[in-house]
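Encoded as structure tokens, the structure appears first; notes follow it.
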Amino acid sequence: MADIQNISLDSPGSVGAVAVPVIFALIFLLGMVGNGLVLAVLLQPGPSAWQEPRSTTDLFILNLAVADLCFILCCVPFQAAIYTLDAWLFGAFVCKTVHLLIYLTMYASSFTLAAVSLDRYLAVRHPLRSRALRTPRNARAAVGLVWLLAALFSAPYLSYYGTVRYGALELCVPAWEDARRRALDVATFAAGYLLPVAVVSLAYGRTLCFLWAAVGPAGAAAAEARRRATGRAGRAMLAVAALYALCWGPHHALILCFWYGRFAFSPATYACRLASHCLAYANSCLNPLVYSLASRHFRARFRRLWPCGRRRHRHHHRAHRALRRVQPASSGPAGYPGDARPRGWSMEPRGDALRGGGETRLTLSPRGPQ
């Protein structure tokens, strides 16, 4: 990465020295609280039989939250110090480690988003054939592979940065010569941004094309069923992937502009650099907001963290289990085998059977639109 990333142009009393700590403090607090709540939601124990098993999407979201939390905890405070202070105060080891963690977590996030997009594509395009592949065990193996690849791609950054003396000050700056730095920065853009974004775009694009490829009324009904099958989780992960592309795009564009364009050192270019970093770092605190807004399932699980939410959920599932105990096991009305009943109908006991004291007969009765 370019030298300009790690040399502050502002003095401690300037506007930048005041604004940067405030912006980074907000990113730090929101990211810690938001991703901490995501971990709490996904790691909450299953005290009863109605707790659903952890899905592959849950495991990938959990991995994203871990990567974001590591980034915010280990990187954001030190980057704020780089922008605020005139010198690097933490030594050569921390200088190398912080920048290694920045790229390690960036690669982990981008590769995880690519894995999620492929998982969603298989779930929609090949729901039956991919069932044996899309298991929690294989998802954990995929997460391990993501971190292994992230470690391999980010390993060069352990020697990329170092500390140098500049008069009486010690600075944390790139230590490689320009040719090697340019090659690594371009490789990081290609492998850590361009390739994952291309995979995500292709996977979600093919998924959407498949969902909307309906011919005739039967095809439209099948497409609608498939769209419902994707659920809000798929839309939430699509929003997360789009946010990643939008937040990290200016950061990589600025680096490429530095190497291949005209990048004069000025307050304007410094402001662009600062804005691109703030936008990239803010990506780690925006994902929990997307989950809470786009996923009704996530909000329901979040409410279970609190005593009142657990009581409501337990009461709901007790009623659901009671209904299932009286539900026929094998047949429904003509044309709706098993439990495949049309929306707007419910299983209810006939009132005359209850009044007569005889055997309860279950019939389908209209509930009205939902």
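Note: Cβ is positioned from N, Cα and C throughout, glycine not excepted.
A quick note: this is a predicted structure, and the numbers were derived from the prediction, not measured.
Residues or ranges marked as transmembrane segment in Swiss-Prot (evidence: sequence analysis): 21-41 (among others). Long-range contacts of the transmembrane segment (21-41) within the same chain: residues 61-62, 65-66, 68-69, 71-73, 76-77, 79-80, 83-84, 278, 281-282, 284-285, 287-289, 291, 298, 301-302, 304-305, each at least 6 residues beyond the stretch ends and with a Cβ under 8 Å from a Cβ of the stretch.
Look at Swiss-Prot and you will find 42-57 (among others) tagged as topological domain 'Cytoplasmic'. Averaged across the topological domain 'Cytoplasmic' (42-57), pLDDT in this predicted model comes to 60.
According to Swiss-Prot, the feature transmembrane segment maps to 58-78 (among others), an assignment based on sequence analysis.
Residues or ranges marked as disulfide bond by Swiss-Prot on the basis of sequence analysis: Cys95-Cys172.
The feature transmembrane segment is assigned by Swiss-Prot to 97-118 (among others). Using a Cβ-Cβ cut-off under 8 Å and counting only residues 6 or more beyond its ends in the same chain, the transmembrane segment (97-118) has close neighbours at 57, 60-61, 63-64, 67-68, 70-71, 74-75, 78-79, 90, 142-143, 146-147, 149-151, 153-155, 157-158, 160-161, 172, 188, 191-193, 195-197, 199-200, 203-204, 237, 240-241, 244, 248, 283-284.
The feature topological domain 'Cytoplasmic' is assigned by Swiss-Prot to 119-138 (among others).
Summarising the annotation, Swiss-Prot assigns transmembrane segment to 139-159 (among others).
Annotation comment: Swiss-Prot describes 185-205 (among others) as transmembrane segment, evidence class sequence analysis.
The topological domain 'Cytoplasmic' annotation in Swiss-Prot covers 206-236 (among others), and the record cites sequence analysis as its basis.
Per Swiss-Prot, transmembrane segment is recorded for 237-257 (among others), and the stated evidence type is sequence analysis.
Under the heading transmembrane segment, Swiss-Prot lists 260-280 (among others), citing sequence analysis as support.
Sequence annotations record features per position, and here Swiss-Prot assigns topological domain 'Cytoplasmic' to 281-370 (among others) based on sequence analysis.
Per Swiss-Prot, S-palmitoyl cysteine is recorded for Cys308.
The annotation region 'Disordered' is assigned in Swiss-Prot to 317-370.
In this structure, of the disulfide-bonded residues Cys95, Cys172, the smallest number of CB atoms within 10 A of the CB marks Cys95.
Counting residues 6+ beyond its ends, the transmembrane segment (139-159) has Cβ neighbours under 8 Å at 56, 59-60, 63, 96-97, 99-100, 102-108, 111-112, 115, 119, 175-176, 184, 188, 191-192 in the same chain.
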